[in-house]
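For 1-16, the entry in TrEMBL reads signal peptide. Annotation source TrEMBL lists region 'Disordered' at 53-96. If you look up TrEMBL, you'll see 117-242, 279-421 marked as domain 'Cupin type-1'. The Mn(2+) 1 binding site feature in TrEMBL is assigned to H144, H146, E150, H189. Here TrEMBL flags H324, H326, E331, H370 as Mn(2+) 2 binding site. Among the features that TrEMBL reports, active site, proton donor is placed at E385.
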Amino acid sequence: MKLSLVTSLLMSTCLAVPIHERNQQALKPFDKNSPYTRKHHDPYDHKVDSVGQDLEPLPWRNGDGATMLGPRNREREKQNPDMVRPPSTDSGNLPNMRWSFADSHIRIEEGGWTRQTTVRELGTSRELAGVNMRLDHGVIRELHWHKQAEWAYVLEGEVRITALDTEGGSFIDDLKKGDLWYFPPGHPHSLTGLAPNGTEFLLVFDDGNFDEESTFLLSDWLAHTPKSVLGENFNLDPEVFDALDPADKYIFQGSLPGSIDEEKPRGRGVKKSKLQFTHKMLDQEPLNTTGGQVRITDSTNFPISKTVAAAHLNIQPGAIREMHWHPNADEWSYFISGRARVTIFAATGIARTFDFQAGDVGIVPKNMGHFIENLSDDEPVEVLEIFKADQFQDFSLFQWLGETPKQMVVDHLFSQDKKAASQFLREIESAEKDPIKAVLTDDELDNIHFEM
């Protein structure tokens with residue numbers, strides 16, 4: 001009995017040891033210079049590239065916070081450092097504005113695949129929906145049409161498109177990386193992978209409720225039409241249609257196409273469309289800014305694109321897409337490369353910061369102020385800003401303040417500090433818009449302060 005009592009007491013003592021202490025000791029040690037420690041203080045909320053610097057984000061901010069003891073997804077935390085440790089300026093509640101195509105279900109077909117980001121995946125994606133599609137060499141996205149307009153950007157490879165307009169004019173074109181196409185609602189079309197490795201592209205539809213699974217397919221329609229009617233429509237014996245391929249081919253391996261001249265129809269009544277369904281976005285002359293390049297494509301230079309406008313941005317390392325907002329449509333962003341953070345200001349003291357990398361989609365609702373800051377010191381950010389609108393429109397905070405009476409600006413922002421007011425007014429004196437700004441280094445800022 002005594003031995004049993006001693007054993008029981010020893011076991012109780014072991015069980016009483018705080019488990020969290022053992023977990024704390026097992027945590028990865030951090031460099032004292034890491035921004036994710038209790039002692040690190042940053043009252044200005046500078047950016048941190050946790051991926052590029054291989055840092056493990058922790059919820060420490062200016063002495064507040066604690067380590068993490070429970071289950072974790074460290075890779076996701078590293079991709080979202082401003083979720084783990086938000087800037088001190090974040091405040092209030094804002095719906096989720098970020099989705100990664102990596103989290104979207106992939107439909108796998110013969111020689112290709114597709115995945116989508118719609119309002120079902122991202123609840124704030126109400127105005128636009130996106131589809132990422134891959135077609136190998138000679139693989140066809142079946143002849144089809146849909147209720148929504150389709151805008152597309154070629155991400156890699158080459159693709160052939162065919163379309164028919166409402167006057168019976170046919171259109172065929174071959175596109176490469178950086179080219180666009182646009183099909184108005186109801187216009188029938190097809191897509192075929194061309195390059196040795198086929199193609200991959202981003203499709204954008206002017207309705208967040210769009211569903212890639214609910215398009216009007218040629219094979220599906222014929223399969224659900226009486227063969228007697230098919231015979232009457234095409235002046236053939238109904239028995240001919242006993243040989244129809246199965247319905248819903250959707251994505252399938254087709255014959256390798258020849259040149260456009262070899263493939264274009266030549267029958268009686270065939271005519272060429274007067275419409276231009278394609279546009280070479282990356283061949284446009286860019287707007288060169290201090291921190292990158294901008295190309296804008298909307299109905300002013302791509303007339304058929306009546307419901308979708310877009311900007312292609314190249315944000316260099318150490319640069320920022322300036323603080324701005326869009327008055328006419330929500331922004332639907334697709335990140336092609338690089339890493340960035342975006343803070344969205346929703347008025348009434350509400351702001352939230354999101355992090356993005358290649359393959360991510362971001363939403364910024366109409367009129368909400370925001371910026372796009374490149375997190376990396378050596379890699380540019382390439383991003384598409386896409387809008388359900390016929391024209392691209394934005395307001396620059398810098399330009400607005402530069403074109404506002406100086407005393408009005410001072411009374412709003414620096415009424416109690418003449419030196420700060422003088423510095424600020426000097427910087428906005430030239431109100432010239434600079435959509436992507438090169439950010440000054442600490443040495444450059446010191447020189448400015450010294451000159452003043």
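In case you wondered, yes, glycine gets a Cβ from its N, Cα and C as well.
Remember, TrEMBL labels are computer predictions, not curated facts.
With H146 (Mn(2+) 1 binding site) as the anchor, the candidate recorded positions are H326, H370, E385, and the one with the nearest CA is E385. Proximity of distant same-chain residues to the region 'Disordered' (53-96), defined by a Cβ-Cβ separation under 8 Å and at least 6 residues beyond the stretch ends, is recorded for 20, 23-24, 27-28, 30, 34-43, 45, 122-124, 341, 343-344, 346, 348-355, 357. Distance from the CA of E150 (Mn(2+) 1 binding site) to the CA of the residue listed as 'active site, proton donor' is 16 Å. Those residues of the chain, other than H144, H146, E150, H189, with a C-beta within 8 angstroms of the mean position of the Mn(2+) 1 site C-beta atoms are W145, F183, H187, P188, T215, F216.
Between the CA atoms of E331 (Mn(2+) 2 binding site) and H189 (Mn(2+) 1 binding site) there is a gap of 27 Å.
For H144 (Mn(2+) 1 binding site), the nearest neighbour among the listed binding-site residues (H324, H326, H370), judged by C-alpha distance, is H326.
Per-residue pLDDT, averaged across the domain 'Cupin type-1' (279-421), gives 98. Counting only the Cα atoms, the space from H370 (Mn(2+) 2 binding site) to E150 (Mn(2+) 1 binding site) is about 27 angstrom. Of the chain residues outside the Mn(2+) 2 site list H324, H326, E331, H370, W325, V364, M368, G369, E385, D394 have their Cβ within 8 Å of the site's Cβ mean position.
H326 (Mn(2+) 2 binding site) sits 22 Å from E150 (Mn(2+) 1 binding site), taking the CA atoms of both as reference points. Per DSSP, the domain 'Cupin type-1' (279-421) is made up of 21 helix, 66 strand, 56 coil.
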